[in-house]
């Protein structure tokens, strides 16, 4: 063995050691990349799920706001119908029946984010405003301060307050 061969052997040993170290680092890097990729996938899935939940919450709030608007319209149509006599109220009666039917159906559909007795409470409103002399031609117009009108107004107002509470529950305010 010649003295000139020693540096070549040292270089060869260093090359092998470097190759082994690079191989270990490469394996570690591949494992780290796999871990990072799986973590990124989990993060994307979590973000996707939270976005779906937020969208569902926003949609529920929009539906509750629409119910609130419809309750205001229901009160206006109720007042219009009952403060006019039986001959003049045909259009209002039709609008009243359509509004009541729509709100009744939505109370049942949305019971998952309304309160437990929402359907029953709205049934009380429906029975009150479409009961008695509803659609009777000989019915006389009621005065705006008639107890019947006051009760209808109170029932609708109480229901509206409960809808707002349901909205606040969605916002985690209650």
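Keep in mind that glycine also has a Cβ here, set from the backbone N, Cα and C atoms.
The feature coiled coil, as given by TrEMBL for the ranges 5-36, 37-68, sits at 37-68.
In the predicted model, residues of the coiled coil (37-68) average a pLDDT of 87. If one looks beyond the coiled coil (37-68) by at least 6 residues along the same chain, the residues whose Cβ comes under 8 Å of a Cβ in the stretch are 103, 106, 110, 113-114, 160, 163-164, 166-167, 170-171.
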